Amino acid sequence: MGLFSSKRRARDVDTGTTVQMLDDRCLTFDEQLERIGSLGWYQVLVLILTQINYMCVTGSMLCTMFDTVAPKLITCVDPVNVTDACLCINGTYDVQFESLLFHLTHGCHDSYMPTLWSTAVMAGGVFGSVVFGYSADRFGRKLSLLIALSGCVVCNLLLTFASVHVGIVFALLSVTGFFGGGYLVISVVLPVELTTTRWRLLLTCLHGWPFGIMTMALTAYLTRRWDHFHLALAVQGLPLVVAMLFVDESPRWLILHKKYDQARRAMVRIAKFNRKPKLDFHFETELSSPKCQLEKHTPRRYTYMHLVRDKAVFLPLLVLSYSWFSGGIITFGTYFDMNNLAGNLFLKTFITGLLKVVTGLIPLIFSRFMGRKPILIGAIAIACTTAWGSLVLYLVDLASYMPWLAIVGISAIDPMWKVNHVMSVELFPTVIRSMSRAVCNVCSRLASLIAPQIAFLSSIYTPLPFVVYGTLSLLHILIAAIWLPETNNRPLPEDLSTDNTQSIQSTRL
């Protein structure tokens, strides 16, 4: 749908006078972006900023990887020959990281306590996904991003002084997850809405957790102590909050909410940053010209019920939600089990992030000759193979290789996350995009709540979690192949169709 027309000044070659030239048709938003740069300096700066923010956000969401590390007791001096850290008064420990949990309990805590802390963070993330998904569609992307990032900074600062009681830590971790989960919902929406179809996958591949995972591992390695770790996360995030103040609201969102003056200023600023000719944007605020197909009406307020009522939205949302859920079980299950994998915790975490950077570029390479859907299914198939392969390794007495195969699996599944993110933007209209992504993120957060419990199954039968991962992956492949629509090379939908009875077209492989 054409949203507005543009007027530009041009120099008449013969007379040398300035004349006004008005386009004879209304241009779509994507067409206007192409005129002022659909991937210029402005879009690059926004992408870099939203990505650097993950230094604070990833550390906030995965802080329990380090906050619950239990040092290994090497020798107990008082009393002698005691092997239980809880009973040892004075001993020698192998300490990779001085964790908050050990500081509070000195090893005298229930074995489920680390899982409980991780669950607290992810439970907060569930509520944060819902709240910030709605607020981003209702009040704007920029404001919601600012609040979420600021909340992560404040919570990490408070956790620096949280060595008072386990209950206080539990509450702070829940609030930290609330703001972190909120940021995850909307972080990719702003940069993707600033570009067009041909660049969306590139921005999504360059966006996400891998950079944050690597910087988190490096921060933990350099600090080696829980309070210094959280203080470093807060210090990293503070200047980023200030930098976000200078980012404009998404003009796509502004236009849909009829904030035309702000949208015009944002578009002019984008053109200036991208070193493009200045255009005078004339949004159709009062005209109901058939050429522009605009109606005079007040902006409609959308709720989560609209996701259910529109058939063209509901089924793809169900399929994509399962994709996020299944991927979340596998991904977070491996994250929270990282302490039990052989080797140095910092190195394992950093390598995981580095591998995810490499594998995350796979969709960009393969998208030149295939759609989103085959890439997603291929990534799931590799993860499925590693899961069942871990079971085989256990059965043939090669269990020592299982942890490293798990790291390969979690890295191989990263292309699925990239496609999930870009499809969660491409499948749903602008007016409900953040809410739709919020539903997907809630499914991922619910998976993160369940993942520690799945990992706990290894105490019953070592490869049992991998059986669960493999089964979920097989079902994932089947559902995606049958019901997931293809979105490659399609313009972003702007508004919900007035016909809620439309059929859902599914593009099969």
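A Cβ is built for glycine as well, from the same backbone N, Cα and C atoms used for every other residue.
Here TrEMBL flags 64-488 as domain 'Major facilitator superfamily (MFS) profile'.
Through the fold, the transmembrane segment (39-62) approaches residues 121, 125, 145, 148-149, 152-153, 155-156, 176-177, 179-181, 183-184, 187-188, 190-191, 194-195, 199, 202-203, 206-209, 211-213, 215-216, 219, 229, 233-234, 236-237, 240, 243-244, 247, 269-270, 273-276, 335 of its own chain, all at least 6 residues removed from its boundaries and within a Cβ separation under 8 Å. As annotated by TrEMBL, transmembrane segment applies to 39-62 (among others).
Listed by sequence, the residues of this chain that lie at least six past the ends of the transmembrane segment (116-136) yet keep a Cβ under 8 A from its Cβ atoms are 60-61, 63-64, 67-68, 101, 143-145, 147-148, 169-171, 173-186, 189, 303-304, 332, 336, 434-439, 441-442, 444-446, 448-449, 452. Annotation comment: TrEMBL describes 116-136 (among others) as transmembrane segment.
Here TrEMBL flags 143-162 (among others) as transmembrane segment. Long-range contacts of the transmembrane segment (143-162) within the same chain, counting only residues at least 6 positions beyond its ends with a Cβ under 8 Å from a Cβ of the stretch, are 50, 53, 56-57, 59-60, 63, 100, 128, 132, 135-136, 168-169, 172-173, 175-176, 178-180, 182-183, 186-187, 190, 226-227, 230-231, 233-234, 237-238, 240-241, 244-245, 249, 434.
The annotation transmembrane segment is assigned in TrEMBL to 168-189 (among others).
Panel annotation: around the transmembrane segment (201-222), residues 39, 43, 47, 50-52, 54-55, 57-59, 62, 66, 97, 187-188, 191-192, 195, 229, 232-233, 236, 345-347, 349-350, 352-354, 356-357, 360-361, 363-364, 367, 372, 414, 417-419, 421-422, 425 of the same chain, lying at least six beyond its termini, place a Cβ under 8 Å from a Cβ of the stretch. The transmembrane segment annotation in TrEMBL covers 201-222 (among others).
The annotation transmembrane segment is assigned in TrEMBL to 228-247 (among others). Remote same-chain residues near the transmembrane segment (228-247) are listed as 46, 49, 52-53, 55-57, 59-60, 63, 66-67, 97, 142, 145-146, 149-150, 152-154, 156-157, 159-160, 190, 215, 219-220, 222 (criterion: CB distance under 8 Å, separation of at least six residues from the stretch ends).
According to TrEMBL, the feature transmembrane segment maps to 312-333 (among others). Same-chain neighbours of the transmembrane segment (312-333): 122, 306, 376, 380, 383, 387, 409-410, 413, 416-417, 420, 423-424, 427-429, 432, 436, 439-441, 443-448, 450-452, 454-455, 465, 468-469, 472-473, 475-476, 479-480, 483-485, 496-497, 500, 502-504, counting only residues six or more beyond its ends whose CB sits under 8 Å from a CB of the stretch.
Taken from TrEMBL, the feature transmembrane segment covers 345-366 (among others).
Residues 323, 326-327, 330, 362-363, 366-367, 401-402, 405-406, 408-410, 412-416, 419-420, 423, 462-463, 466-467, 469-470, 473-474, 476-477, 480-481, 484, 509 of the same chain lie 6+ residues outside the transmembrane segment (375-395) yet bring a C-beta within less than 8 angstroms of a C-beta in it. Here TrEMBL flags 375-395 (among others) as transmembrane segment.
The transmembrane segment annotation in TrEMBL covers 466-484 (among others).
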